[in-house]
Amino acid sequence: GQDVPTKELLDWHRLPDFPDSIGVGGPCAGISNGALIVAGGAHFRDPFLQGGEKIWTDSIYVLTSSFSEWKSGFTLTRPTGYTVAVQWEDEVICAGGGNAREHFVEVITLRWDGGDISQRLLPALPQPRAFASGAVVGTTLYLAGGLETPSDTVASRDFCALNLADPGAQWQILESVPGLPRHSAVTGASDGAFYLFSGTALMPDTAGLVAYEFLTDAYRYRPQYGWEQLRDLPYPTAAAPSPAIALGPSHLLVLGGNTGVDVDRVQELGDRHPGFSRNLLAYHVITDTWAYLGALPMGQVTVPTVQHSDNIIIPSGETRPGVRTAAVWQVTPRNTVPPFGTINFVVVAIYFLVLAGMGLYFWNRGKNDTDYFLARRRIPWWAAGISIFGTQLSAITFMAIPAKAYATDWVYFLGQIAILLVAPIVVYLYLPFFRRLQITTAYEFLEQRFSVAVRLFGSLAFVLLQLGRMGVVIFLPAIALSAVTGFNLYLAILLMGLLSTFYTALGGMEAVIWSDVMQVIVLLGGALLSLIILVLNIEGGTSGLIEVAASEGKFHMLTWSWDATTTAVWVVLGGSIFSNLIPYTADQTVVQRYLTTANEKLAARSVWTNAALTIPGSLLFFSLGTALFVFYQQHASALEPSLSTDAIFPLFIIQQLPQGMSGLLIAGIFAAAMSSLDSSLNSAVAALVCDFYRRFKPRSTASTRLRLAKWLTVGLGFLATTIGLLMATIEIASLFDFFLELLGLLGSSLAGLFALGIFTRSANSTGALIGACTSAIVLYLVSAFTAIHFFLYASIGILTCFVVGYIMSNILPNHHTQLAGLTIYTLRDRLPNNDQIDADADE
């Protein structure tokens, strides 16, 4: 075949020509067991302009899985064309269709078994239908419009659906298609919604003949909301290859189509007819915009698109009125992100060298394992607070929050406010226990309050969660960043994994905290600069941004409802309060930073510093997302269709920021991923050394534990990097997600254990463990079998652990422990330690 590029967005490759050299229009086509099936359709053996008769065919052709040879000799039960053709699992569905005499209600499936075609019937359509349009959304086949008979003078507005996953399902008639009745529309599916573009309306003219109106309106159907009108197309695209190509998570591509131009001059133009449109249009489902993205090698209409792996196949079709083509095209999307650039690569390299230098600078400052984990308790309160903020701000979050605001609205911002409510709870009710007990890990409190078994349970749950999390926090950002920058995915994972392991192993918590400080400064500064550049490039500046965003509902924040499955105010805010309790009261990566300052008063300041950073930081990130929406609505052609929505901010950085600055910000995102990894590494090693090794080998020397800590850091770093590489190499992502989901259920249990220990007197070890396990089980059942919003998971988990643990502790025998200084009721019973004596000291 031959290759034809379309403005670098799509590669066009000719597959072997259709066996019938005349070609065919209106076939049913799809992939079954790796082979391309093309069935039925119609063509003209004699020239259409010379009065040739339209011939309907029952032939089925199969292009084998190697795409090298066509096989023939198979037939439909009767000649049929202009069906709705879609793929479902390993079958091709052909719905309706017709011929010159009648239109049909039959819906059949075609399956290639390696040497033969098998056919079976699905439930019949409510009415006969040809020239209809359809697409599969999830497990539902939707079918819209069309003509009931060959002699119709008005098209249909009917809209129906069939659940393909239910063998006993029948077609359901739904709300009619808005606008004029139409046939030959282009459909599409994206993010759980059905899209309908353009089409042709029929109406009698003054002479009593049928006139055609080529439409430009567009609609979206979502089961929970019904029909919604979208932005009109710039011109009609009737009968374009359908369904529209879903490219990436947010684009639907419309290839050519019949614009209606010269529709009344077909006889006059004859062979000089220019053919159907060769324009490539892209609809962006988030910004509701259309963009012209280049020219096609050929304009083909009345032909289905066929999804095959990452490619689209367009088999034959009509190129101008009455003329078919034997050309079969395979379309492959390309990444059109601009090159990263030498200057940017140099900046990233320098940034990485600075991080490595930090590890060397703090090397051997600590003389024992406590110094290694707690940075000699000499971290300034403001640096500890920034580090807490940086730990919570992973690369995933840095990209995901702007992407969420870009794709939706500000509903999730309400959850960020929860930190203001959680901070005083942490400072006055939790922090005194972590500081006054002279501990290194949070889980040492659990032993003093309950038993060694509860301590080991909490510490092991934390370590397992971090082991799973470490691979993910470098794998997911690496995917987005490699797509945007051109970095090799495996090299990106290796660099992030090994470099963070290097400086964490050498410098311990001191290197971790100061790298966090640098990362936060770079990321917040870069985000602010990006927002300024965005506003400067938006029509109307700040006022234009606010006006457009408000008109599109992008500032929507409050949803008033009692429905627990929605993002109602009480769900988001209440759920976020409990969600924030997990990291700030039970997560060693955060608690460890409380312990790095000189005393409790300074630790409290670090908590307030984090809270003070979170609100303006969240405002900045949500504003970024909204500004990105308005910018790309006004510059739709600048979007990169193949990228995930989460990559929208890195895409803007590469496209719009100057060389060097974009490199620094991308390096900062890499560093944010490494910050999450280094925090997990150091804290997981702290848990292993303190809660297991030192607990059961109390006579071990400090130097031995320090060596062990460094080697464990190296080992866990290599393990995390290996997990990231495996996730990039083999299909374990979904399995790994399930593993993390199960482990994540324990996070609420941990927070419940700390609350149970601090706020009750009667809770004991047995009751606490039963409560924690029950919490995980209940939370799994809630997540698996209910539609309750995930914002409420933390509250359900924490409250279940607390309530069940309290009840079981009062039912089961109580093994009394010394409670002095271990509950809020007995906090003052313990003699003050050095931390309390120095509480008024400043650094």
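Cβ coordinates come from backbone N, Cα and C, glycine included.
Heads up, TrEMBL stuff is auto-annotated, nobody curated it.
Listed features, source TrEMBL:
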type	residues	note
TRANSMEM	379-401	transmembrane segment
TRANSMEM	413-431	transmembrane segment
TRANSMEM	452-481	transmembrane segment
TRANSMEM	487-506	transmembrane segment
TRANSMEM	518-538	transmembrane segment
TRANSMEM	567-586	transmembrane segment
TRANSMEM	607-632	transmembrane segment
TRANSMEM	664-690	transmembrane segment
TRANSMEM	711-732	transmembrane segment
TRANSMEM	738-759	transmembrane segment
TRANSMEM	766-784	transmembrane segment
TRANSMEM	790-808	transmembrane segment
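Note: the stretches the transmembrane segment (487-506) and the transmembrane segment (518-538) are not in contact (fewer than 3 CB pairs below 8 A, sequence gap of 6 or more). Per-stretch counts of Cβ pairs under 8 Å to the transmembrane segment (607-632) identify 379-401 as the leading one among 379-401, 413-431, 452-481, 766-784. When Cβ distances are compared across the two stretches, the transmembrane segment (518-538) makes contact with the transmembrane segment (379-401), since 3 or more pairs at least 6 residues apart fall below 8 angstroms. Tertiary neighbourhood of the transmembrane segment (452-481): same-chain residues 394-396, 399, 441-444, 446, 487, 489, 492-493, 496-497, 586-589, 643-644, 646-647, 650, 666, 669-670, 672-674, 676-677, 680-681, 683-684, 687-688, 691-692, 695, 716, 719-724, 726-728, 736, 739-740, 743-744, 746-747, 749-750, 753, 765, 768-769, 772, selected by CB-CB distance under 8 Å and a gap of 6+ residues from either end.
Here the transmembrane segment (567-586) does not touch the transmembrane segment (711-732). Their Cβ atoms form fewer than 3 pairs under 8 Å, with each pair 6 or more residues apart. Here the transmembrane segment (379-401) does not lie next to the transmembrane segment (711-732) in space: the count of CB pairs under 8 Å, restricted to residues six or more apart, is fewer than 3. Below 8 angstroms of C-beta separation, residues 405, 557-558, 569, 572-573, 575-577, 579-581, 584-585, 594, 600, 603-604, 607-608, 610-611, 614-615, 618-619, 622, 754, 758-759, 791, 824 of the same chain, each at least six residues beyond the ends of the transmembrane segment (413-431), sit close to that stretch.
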